């Protein structure tokens with residue numbers, strides 16, 4: 001019995017691997033990418049999982065548990081409470097430059113944890129780096145309070161596999177027509193999906209990451225990183241100002257209010273950048289380049305470009321398109337901490353440009 005079970009599992013793995021290779025062969029375009037060290041293209045090891053899905057209002061997804069919904073609600077509302085507390089405190093005590101510095105500094109670091117770490121490194125493998133750098137990026141990205149890295153990666157790979165199809169967990173295009181449908185779609189893509197969508201079989205999308213015990217542990221320490229994301233600005237605020245008030249305002253501005261802004265900027269890439277903006281490149285979805293979130297999201301708002309060249313470490317391909325995340329990756333490469341950066345050649349990018 002055990003032998004037959006093991007044989008069945010081996011056959012299933014072989015079938016799954018064959019499906020992966022078939023999916024990769026269909027999507028591979030070898031003239032796309034230039035590596036800074038060698039010519040190679042890395043394609044995501046993902047394929048459609050064999051799962052049973054439930055649907056609601058035309059969007060296909062797995063049901064999130066009640067505990068998951070409560071956790072999501074707390075993660076969304078507590079930063080809002082931080083903003084209310086900030087307004088009340090600053091009304092009586094005024095705004096201090098230390099709070100502004102902590103807010104900006106933590107915003108940049110944790111946003112880069114999401115954009116450089118979770119997204120460009122772990123989802124798309126657009127560059128390579130050392131294990132300690134990976135752990136550091138996991139810590140910074142987790143401080144953004146958007147979920148554990150491995151689960152975040154699985155959801156995003158699912159999104160790319162089904163972008164703007166009914167199976168896409170956060171597409172804004174399947175909630176009806178007209179103004180009401182637009183508003184419902186925007187809400188769903190921005191945050192509504194997080195209360196319901198939990199696609200089963202996500203573990204199949206992250207097998208490459210799950211092979212590393214270190215990455216599994218670092219991802220599983222998500223609650224610890226979140227707490228540190230509040231404690232660090234609190235300690236710095238108290239130490240720099242030398243007051244207990246500075247400790248509290250440091251936590252509020254560098255922690256809670258910062259999380260709130262990072263949340264909505266990240267969510268806007270899912271909502272705004274699939275509704276409004278330019279489409280300079282051919283892609284199989286409704287992704288758009290949006291200049292506002294190209295800046296605020298540190299390059300992630302050049303979203304049509306990203307969907308046209310998903311494994312590229314650089315999203316802002318034009319000289320005027322700010323891409324702080326790519327600058328950070330280039331800085332890592334400059335000091336020897338990153339290599340094999342993938343970027344489209346000029347010829348490849350022009351081939352993908354829309355003609356009308």
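Just so you know, the numbers here start at 1 and follow the chain as drawn.
Placement of Cβ uses the backbone N, Cα and C atoms for every residue, glycine included.
All annotation found in TrEMBL is predicted automatically rather than curated by experts.
Range 135-155 is the one annotated as transmembrane segment, of 135-155, 156-176, 177-197 (source: TrEMBL).
TrEMBL assigns the feature transmembrane segment to residues 70-89, out of the candidate ranges 70-89, 250-269, 270-289, 290-309. Within the set 32-54, 101-123, the record from TrEMBL flags 101-123 under the feature transmembrane segment.
Here the transmembrane segment (101-123) has Cβ contacts under 8 Å with residues 44, 129, 134, 137-144, 146, 149, 152-153, 156-157, 160, 209, 229, 232-233, 236-237, 250, 253-255, 257-259, 261-262, 265-266, 297-300, 313, 324-325, 328-329 of the same chain, all six or more residues outside its ends.
Taking Cβ pairs closer than 8 Å, the transmembrane segment (135-155) reaches residues 75, 79, 106, 109-114, 116-118, 121-123, 169, 199, 202-203, 205-206, 209-210, 214-216, 218-222, 225-226, 228-229, 259, 262-263, 266 in its own chain, all 6 or more past its ends. Beyond its flanks by at least six residues, the transmembrane segment (221-244) meets 96, 98-99, 102, 106, 110, 138-139, 142-145, 147-149, 250-251, 253-256, 258-259 of its own chain at Cβ-Cβ distances under 8 Å.
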